Amino acid sequence: MSGGSGWERIRSTRGGRLSRETSLTGRTARTVRLGRVQPQAPGYRTIFCNDREANLPVRFKGNSISTTKYNFLTFLPKGLFEQFRRVANCYFLLISILSMTPISPVNPVTNVVPLSLVLFVSLIKEAFEDWKRLQNDMVINNNPVDVLHDQVWETIPWKKLQVGDIVRIKQDGFFPADLLFLASTNADGVCYIETSNLDGETNLKIRKAVERTWDYLTPEKAVEFKGEVQCEQPNNSLYTFTGNLIIENQTLPLSPNQLLLRGCSLRNTEYIVGAVIFTGHETKVMMNSMNVPSKRSTLERKLDKLILALFGTLFGMCLVGAIGSGIFISSDYYYLELQRGVGLEFNPSSRFSVAILTLFTLITLYSTIIPISLYVSIEMIKFIQCAQFINKDLHMYHVETNTPALARTSNLNEELGQVEYIFSDKTGTLTRNLMEFFKCSIGGEVYGTGFTEIERGGAQRMGAKIQEAQRSPHAVHEKGFNFDDSRIMRGAWRNESNPDVCKEFFRCLAICHTVLTEGDESPDKITYQAASPDEAALVTAAKNFGFFFYRRTPTMIYVRESHVEKMGNITDVPYEILNVLEFNSTRKRQSVVCRYADGRLVLYCKGADTVIYERLADGNNELKKITREHLEQFGSAGLRTLCLAYKDLNPETYESWNEKFIQAKSSLRDREKKLDEVAELIEKDLILIGATAIEDKLQEGVPACIETLAKAGIKIWVLTGDKMETAINIAYACNLINNDMKQFIISSETDAIREVEEKGDQVEIARFMKEVVKEELKRCLEEAQHSMCTVSGPKLTLVIDGKCLMYALDPSLRVMLLNLSLNCSSVVCCRVSPLQKAQVTSLVKKGARKITLSIGDGANDVSMIQAAHIGVGISGMEGMQAVMASDFAIAQFRFLTDLLLVHGRWSYLRICKVITYFFYKNLTFTLTQFWFTFHTGFSGQRFYDDWFQSLYNVIFTALPVIIVGLFDKDVSAALSKKYPELYKEGIKNMFFKWRVVWTWAFFSVYQSLVFYHFVTISGTSGKNLSGRMFGLWDVSTMAFTCVVITVNLRLLMMCNSITRWHYISVGGSILAWFVFILIYSLLRENVYYVIYVLMGTFYFYLTIILVPIVALLGDFIYQGVERWFFPYDYQVVQEMHRNDPEDNSRAGLLEIGNRLTPQEERSYAIAQLPRELSKHTGFAFDSPGYESFFAAQLGVHAPQKAWDVARRASMRGKPKPSKKH
Amino acid sequence: MSNDNAAPSSSSAAANGSADSAAPRRNSKRPKYSKFTQQELPACKPILTPGWVISAFLLVSVIFVPIGVASLFASRDVVEVVDRYETACIPAQNRTNKVAYIQSSANKICVRTLTVPKRMKAPIYIYYELDNFYQNHRRYVKSRNDMQLRSNSSQDDTSNCKPEDLINGTAIVPCGLIAWSLFNDTYSFSRGNESLNVNKKDISWKSDRDHKFGDNVFPKNFQSGGLKGGGSLNESKPLSEQEDLIVWMRTAALPTFRKLYGRIEVDLNRGDTINVTLGNHYNTYSFNGKKRLVLSTTSWLGGKNDFLGIAYLTVGGLCLFLAVCFIIVYLVKPRRLGDPSYLSWNRSPGGQR
């Protein structure tokens, strides 16, 4: 086999690298958990295709999937178990049990009522969420699929599919299970699949059926197929598959090439027939989908610490009380009758046991210090925030794809308000993976009237107004072509100054490519199959310029040329393709040698500007200079550029070269290298034609969004599988990098590394790479630190590729990498594997302890989505893998602004308020109880009635705080986006720092002292004209009234906006207390009539006016001073806009729905673009799997690139080279 | 060349347009607009501006100072005579072992003389004040049975009352430690030779008399055990008329408390000498409790109590002071509202401000 040597070489290098990679994975497995590897059942599974009965004994799993947590039976036990995993609930269970014992000073209701209420609400929420999951599963399980049944295709739901069934999948359909590919409508038993769901790669992959099965296409034939498949047990490795198909006593080996995985979809093939091999949860994709680890927000983890602190406080208080009781207890207090018939708890002769038992007594008494309803309140708040605010936000609804935002977990709302690092995928997230021909430079003249978003933004920033050229009425905008310039469209180029150059330009576009045509040969209906969307865009452009490439044979290209000879003239011109010098990543160019019908021999070449310029013939420097300027201009506008050049060949030179080429092509050793060398011989002395500029269409509003996020103090990292050039280009386009920034590039594409790699010694490669990476890191870090020292040093940016990253992530270098990257305002990682994406994410998450967010759209982003604190999936596209793994799903990258700056920020603010308020109100309440303990001989007598205490948390103070958690907003949504810097308050965790907690605690102590002492201090005088005295319950009821009033008023004091619901809930809560006590005091013995007694005295009224005001005075002064002298940013913004009319965007929202108004769009100031021309020229044209794709199309077996899926798969399946031994 | 494909954006825009206007959007997942979901509920946005701070302080002081003054005056109007007698009423020779004395059966009558400092208008309330007496002790508070106190039918219900629940198997009415430790010092007053009548009616809250203590519940087995905790009750009177018990059983909140003993319904003049014949029976000596006798008039606010007045005055004054402070600060170093230079990102990193 001709490619044998290539195979060997690549296998050995890749194999070695893979083994390294796995060992690295093994080491980092603790930090990044990527799916659990199922223990594999030994042996093979045998499947009888098209024979349900035969498969019956094995009992394969069905194809229905279930992602629910509970079922009907397990709901209660499992749900309760889940609930009691929370420490607070467990604690309250314990307290409830304790309060049933006689040592408890309180009635069990005190603790049982709140606990059961909390559990009840939580369980309802769980049930509701699980119900939604169930519905989701049902939708998937009920998708229709055609299955062979009695010689006809019968449509059944996915869930009914069984192993061994023969199914038919039509074009664009998804595979319902892992299928063995039997036959396709394509003649050569090939089908194209899109695996973007699995790995995010949008280029098509080829699968080829075993030749023996190609005929089983029609139902009549397919029914005859009786094969037996022996294959490996289900596992989670996407790229391996080994098995045999035994058909009529013939054993055919199966490889991943014949496996169609669930989740992929069929493309460019009318339909295929396949046999089901793995179903449901046993499919590879499902085995890869791990249990979504339940994420908890950082704030909640901090809350745990607060709760722990409260436990500590509780214990301290109890200890004080217990010691006090041990000292106090004495039989001198004869009226307590402590001599006879007294239990251990009051027995003066055993003070120690008194203390111990009192400790428990006090624990039950002070249990209110732990805010039991906090968790459930937060849960409710977050749930409503998700279900009602995030999911229903019109600002985040995308009309084109009809997709609203979706919060898939309600745990992380406030985390959204603290994100400091965003890890973003590129394709599909930042870009639409849509290449459009946008501009060109022909013979020193720029054509194309459009402006990229970056240009607009730059101009906006400079204050200039861009004159948007009126699009000519004939302007064409189709997929891949977004260009308008009347000077060259519709044959107008003939009147330009250099029509010949134009002609060469268009011919180059139409001829020099490796695109395949498909469909009808008419301009409207034809579709171009290209490995890279850039190529398709270029050919489409040629079509629109009047050079319509419509047919390709192995040796010919047919172009329908218009207006060439004269206007309106259309002729079909054949070009003989003599050689194709393919694109690859080292050459960065592509050439085609073609012969005109008239015998003219031309080499057309297109490629990166650097490589083309090196090979240009001397002379015509003016054109070169101008074109270079244009290239830079395009590059800084975020466009991907290619240079076009040609060269006339004379037949003799060509013939002699062609011999060498054929020789090289048939060589067995180092063929690629030789081919490259030969190509060099002819690709020289080129004549520059011009340059193309392709817009890698960004998702709408991406640069603006990134700009806003950057202002908000969020650092954005792009992690992409693309090549370095592409990645950098996009980073420019998105404003992540600009020319003011200092770039650190750590690349493995250096000569030194290539040289070592050439030798092929794995150990040496690894050692050398590591050394190089270490050196680079060290150098960069030094430079970075140096420039950080200088005051106004440039912003830094780091670009690193996957191979280097692999070594940089090594534990010994990790710290350096982390330090370097944290100093950079943006980081671009290219050519990274999904695993590395996750590793980078968790490096920052764990190493820097910053809050991270990952956003992506494909299955290759799943790992990083799950590794980050928050995973965001792009929804509305076809792939759902990322969404399924994500915590939030939005339709567009730009919605991150709303998600983070508005929802996240508000959520954070609200949750902080809720938590601190809960902390405050429970602490205050409990402390009054604590002060009372000192006056009861430390006996643990309760100050308040049982029901006061149990209802305090669930009725008298419950609702207002939830209202605050829902409605409080410091500044409006528009201002939140206008002042992204406000977001920094969240990143710095300004509202839930220990300092904040201490402040609340301080005022809590103060208030509780006020409550207790102000109410009791005048306890020794008659309280009205009748001279009668108050008893314990009168005093405590009065104190409780004061507490309820104060605590509710305190809530109003911390509100930034007070809606009618605030008034209702606060007023309602206070009223509820009075209604309650008015009724309750008629029913209970101890508090009988107390409120009526109290209300008959002036004293009561004077006290409930005095005490709340005195209690709140401290807070009021604090707030006033803080606002006056040390205002928070949001407070200043509030003040700046205090006279703004109520923002009511109702009308606007109803109309615009999804789109930003142009004004709004531009009001987001876009990055500062340098006025001077940049050095950066984007270089288009690279797509993984490109060469092999084309080669396979022509039936040529070319060595596949290492990143090709099928290739990777076959490699893993095969044993490692024996070199290892 | 001809290409009818409209630009994607315009086509979709057109689709929106039509969908928006006419077509029933059945499949649209577009959230419905509501003020709630878009978080645009009308709200007032209070900003604690210096103006507000100052006015709030002024307002509080304007309201509080008069109330404080009024309360203080009310409290000052009250005339209170306090006499601590727990040691004085023990004969000097018994003072080394007061507990033994109080537990002995000696005659414990003691005479105290009080001088009225100011004219006291009737009614003059007689209180006894105990100290270091933990009526709010957990064991004590719960040691009663409200059912038993209220109705005759449940007089055998003595739960919670241990250890004062049963005597020889029969229930004690009223049971429990509170009743058992009933205060039993007695006071009778005379001015010169004229004895002053002490009205002991209506010294308890009416609600207690009417609802908590039954008029068909009579004391039974009370204080008949070996150890007497305090006073006894007249077995022929229903509990609802045993007002001393009712007052006693409204347990006090703090270990120092006063309880109403009775009223003197004649005015006392300044300089009057009141002789109190005191039956010093109650044992506070075990736990070093003080005993006081208090004669007090009341005002609309109640007994003598400067606390409220002082508190109101202090808070009012403090607020006034703060208001002045803030005004001065406001004049000296005014802070413009919404000054962008206060924004953290506008503050220069060097911290020049």
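Including glycine, each Cβ sits where the backbone N, Cα and C put it.
Automatic prediction, not curation, is the source of TrEMBL annotations.
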Among A:Lys647, A:Lys837, which is the one TrEMBL gives for the ATP site where A:Asp425, A:Lys426, A:Thr427, A:Glu535, A:Phe583, A:Lys606, A:Arg640, A:Thr720, A:Gly721, A:Asp722, A:Arg831, A:Asn860, A:Asp861 also bind? A:Lys837
Thinking of Cβ pairs under 8 Å, which stretch from A:306-330, A:350-376, A:914-934, A:996-1015, A:1089-1113 has the most of them with the transmembrane segment (A:1030-1049)? A:1089-1113
Restricting to the same chain and to residues at least six past its boundaries, which positions have a Cβ under 8 Å from a Cβ of the transmembrane segment (A:996-1015)? 306, 309, 912, 916, 919-920, 923-928, 930-932, 990, 1035, 1038-1039, 1042-1043, 1046, 1103, 1106-1107, 1110-1112, 1114-1115, 1118
Could you tell me which three-state DSSP class A:Asp425 (active site, 4-aspartylphosphate intermediate) falls into? coil
Pairwise Cα distance for A:Asp861 (Mg(2+) binding site)/A:Asp425 (active site, 4-aspartylphosphate intermediate) [Å, integer]: 7
In the domain 'P-type ATPase N-terminal' (A:47-111), how many residues does DSSP call helix, how many strand, and how many coil? 32 helix, 2 strand, 31 coil
For A:Asp425, A:Asp857, A:Asp861, listed as recorded positions, tell me which one has the smallest number of other Cβ atoms within 10 Å. A:Asp425
Grab the same-chain neighbours of the transmembrane segment (A:306-330) for me: Cβ-Cβ under 8 Å, and only residues 6 or more beyond its ends, written as numbers and ranges. 87-88, 91, 338, 346-348, 351-352, 354-356, 358-359, 362-363, 366-367, 369-370, 915, 919, 923, 926, 930, 933-934, 937-940, 997
For the transmembrane segment (A:954-975), could you work out the same-chain residues 6 or more beyond its ends whose Cβ comes under 8 Å from its Cβ atoms? 113-114, 117, 373, 377-378, 380-381, 384-385, 395, 898, 902, 906, 909-911, 913-914, 917-918, 921, 982, 1044, 1047-1048, 1051-1052, 1054-1057, 1059, 1061-1062, 1065-1066, 1068-1070, 1072-1073, 1076, 1130-1131, 1133-1134, 1137, 1143, 1145
DSSP three-state assignment for A:Asp857 (Mg(2+) binding site): coil
Quick one: give me the count of other CB atoms within 10 A of the CB of A:Thr427 (Mg(2+) binding site). 23
